[in-house]
Amino acid sequence: MAFFWLLEGAVPLFKFNYKKWEHAAPNIFFTLTTVVINFALAFLLLNSADWVMANDFGILNWLPEMPLWLYIILGVFLMDFFGAYLAHFVEHKVPMLWMVHLVHHSDHKVDTTTANRHHPLESVIRFMFTLLGVFVIGVPIGIVMLYQSMSLVATQFTHANIKLPKSVDKIMSYVLVSPDMHKVHHHYMLPYTDSNYGNIFSVWDRLLGTYMDFDREKLIYGVDVFPDEKANGNIKELLKQPFKKYERPTIISEKD
């Protein structure tokens, strides 16, 4: 996080008029709760990964023997689907889960500290999808740890308020989720809010029809039906967010 925070000062996408530490405070709080929850539940991942390997359970264990490099790439690739893309997609489509995930989307100034701005309930939800991936794919704990490390770096990178050359960002987005690609997902209205769910690999969005482009200069962060920036920066209010009345973001065509 510190590296990307410094990089934001050198090549910012937007020159936000904000107090950086004040904005970061709730985001760092939720980052810490995410870390605590993941460490508390880590034994489930370890035991599950050991079980699938001992019992030859899961997709990778049912496939013919393959080179180690292919085994690792395929394992990380599939974990990215279950642990990130699928979890993210479901959170947007199930109203109750959307209200939990809304804590992440309600940041009006997306930067690298936004990456782990997840309500504690979402941290548990995402962990369960990762656990599902371990069972379905049949991966050893080494691949799980590699995936989680790559996921951490990817999410810090794609949320960072940095400006890459458009050509570089575009080329990157054909395989990996790029900063511009992910920030489309943080635009404040549908259909853009419901696009670009990927975390490491952009391939899932391209294959499953959820990829969208948008001019980065026109991005507006947040969610239009929850516009109170002060409340959206208050930890107490954010903790209560999942229990508020459901409101769907506006579709741009409806506003017009």
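Cβ coordinates are placed from backbone N, Cα and C, and glycine is handled just like the others.
Per TrEMBL, the features are:
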{"type": "TRANSMEM", "residues": "28-48", "note": "transmembrane segment"}
{"type": "TRANSMEM", "residues": "68-90", "note": "transmembrane segment"}
{"type": "DOMAIN", "residues": "73-210", "note": "domain 'Fatty acid hydroxylase'"}
{"type": "TRANSMEM", "residues": "127-147", "note": "transmembrane segment"}
Checklist entry - In terms of Cβ proximity under 8 Å, which residues at least six beyond the ends of the transmembrane segment (28-48) contact it? => result 1, 103, 113, 115-120, 123-124, 127, 130-131, 134-135, 141, 144, 235, 238
Checklist entry - Short question: which residues 6 or more past the ends of the transmembrane segment (127-147) have a Cβ under 8 Å from it? => result 37-38, 41, 44-46, 48-50, 52-53, 56-62, 72, 75-76, 78-83, 86-87, 90, 200
Checklist outcome for this item: For the domain 'Fatty acid hydroxylase' (73-210), the DSSP residue counts stand at 96 helix, 5 strand, 37 coil
Next on the checklist: Cβ under 8 Å, sequence separation of at least 6 from the ends of the transmembrane segment (68-90): give me the contacting residues as numbers and ranges.
Outcome noted: 59-60, 97, 101, 125-126, 129-130, 132-134, 136-137, 139-140, 143-144, 146-148, 150-151, 197-201, 203-205, 208, 210
